[in-house]
Amino acid sequence: MKFKPEMLKAYFVCGSQDVPEGQYETVVNAAIKAGITAFQFRDKGNDSTLSPIDRAAMAMKLRGRCAEAGIPFIVDDNVELAKQVNADGIHVGQSDEKIQRVVAEVGDQMIVGLSCSNEEEVRAANTIEGIDYYGSGPIHPTGSKADADPVIGLDGLKQLVGLTNRPIVAIGGITVADLSSVIKTGAAGSAVISLIAQSDDIDGVVKAMLQA
Ligand code: TZP
Ligand code: MG
């Protein structure tokens, strides 16, 4: 699937650890139905409620749902799993598998995203060919990632946007009240976990993301 910055507008990131046990598929299906523009499969080792076999099966299933909906299915961190399910994309952090290796291995067949939390990381990433988009440092404190980098705020986001021609998606503690401010910084959209995963109005939240 060819990358377009519009895919970052309403980007849902989620793993089984982010929802009540047994609800993962239901929540992701609801988000897809509501119109998310991308989905990231981020099912994390210790907190995951899925066994490795169930994880691969779930990835395959959700991969199929995204394909039906015409949105990219992006795997967090795990290049092997991304290849196994023929994912549309892979997203890695600074401490995951080296971005140069990821680009060399799957860059010609997959969308490649890289988390860049500060100026230094954006400048370094700019020199590496084959990265499609950056995920920002956390905008606000987040309860969804234990080892999150220091918060950068909307001002920090705006700074990062000014350092690159590549699209940046904002992440970290984003609420509905932030959505239009995020877009005003020049970022391509917002990536959220809890805003959707913990919502009792997934339709309303996704509409707000699309309209921001
Ligand atoms: N990377 C930086 S913050 C974060 C990730 C994966 C968690 C975002 O979750 P939430 O619930 O939208 O703050
Ligand atoms: Mg990671």
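Placed from the backbone N, Cα and C atoms, the Cβ positions cover glycine too.
In TrEMBL this protein carries:
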- 11-196: domain 'Thiamine phosphate synthase/TenI' (DOMAIN)
- Gln40, Phe41, Arg42, Asp43, Lys44, Asp76, Ser115, Lys145: 4-amino-2-methyl-5-(diphosphooxymethyl)pyrimidine binding site (BINDING)
- Asp77, Asp96: Mg(2+) binding site (BINDING)
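Projection of TrEMBL feature records onto the structure.
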residue: Gln40; record: 4-amino-2-methyl-5-(diphosphooxymethyl)pyrimidine binding site; Cβ contacts under 8 Å, 6 or more apart: Tyr11, Phe12, Val13, Cys14, Ile74, Val75, Asp76, His91, Ala191
residue: Phe41; record: 4-amino-2-methyl-5-(diphosphooxymethyl)pyrimidine binding site; Cβ contacts under 8 Å, 6 or more apart: Cys14, Gly15, Ala59, Leu62, Arg63, Phe73, Ile74, Val75, Asp76, Leu81, Ala87
residue: Arg42; record: 4-amino-2-methyl-5-(diphosphooxymethyl)pyrimidine binding site; Cβ contacts under 8 Å, 6 or more apart: Val13, Cys14, Gly15, Asp18, Asp76, Asp77, His91, Ile193
residue: Asp43; record: 4-amino-2-methyl-5-(diphosphooxymethyl)pyrimidine binding site; Cβ contacts under 8 Å, 6 or more apart: Gly15, Ser16, Gln17, Leu50, Arg55, Met58, Ala59, Asp76
residue: Lys44; record: 4-amino-2-methyl-5-(diphosphooxymethyl)pyrimidine binding site; Cβ contacts under 8 Å, 6 or more apart: Gly15, Gln17, Asp76
residue: Asp96; record: Mg(2+) binding site; Cβ contacts under 8 Å, 6 or more apart: Asp77
residue: Ser115; record: 4-amino-2-methyl-5-(diphosphooxymethyl)pyrimidine binding site; Cβ contacts under 8 Å, 6 or more apart: His91, Val92, Gly93, Gln94, Glu121, Tyr134, Gly135, Ser136, Gly137
residue: Lys145; record: 4-amino-2-methyl-5-(diphosphooxymethyl)pyrimidine binding site; Cβ contacts under 8 Å, 6 or more apart: Pro138, Gly172
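If you average pLDDT over the domain 'Thiamine phosphate synthase/TenI' (11-196) in this model, you get 97. Highest local Cβ density among the binding-site residues Asp76, Asp77 belongs to Asp76, counted as other Cβ atoms within 10 Å over all protein chains shown.
Residues Gln40, Phe41, Arg42, Asp43, Lys44, Asp76, Ser115, Lys145, recorded as binding 4-amino-2-methyl-5-(diphosphooxymethyl)pyrimidine, reach a greatest CA to CA spacing of 17 Å. Phe41 (4-amino-2-methyl-5-(diphosphooxymethyl)pyrimidine binding site) falls within a strand when secondary structure is assigned with DSSP. Filtering Arg42, Lys44, Asp96 by Cβ distance to ligand 2 (under 6 A) retains the following binding-site residues: Asp96. Close contacts with ligand 1, defined as a Cβ under 6 Å from any of its atoms, occur at none of the binding-site residues Gln40, Phe41, Lys44, Asp77, Asp96. Asp96 (Mg(2+) binding site) falls within neither a helix nor a strand when secondary structure is assigned with DSSP, and so counts as coil. Look at Lys145 (4-amino-2-methyl-5-(diphosphooxymethyl)pyrimidine binding site): DSSP puts it in coil.
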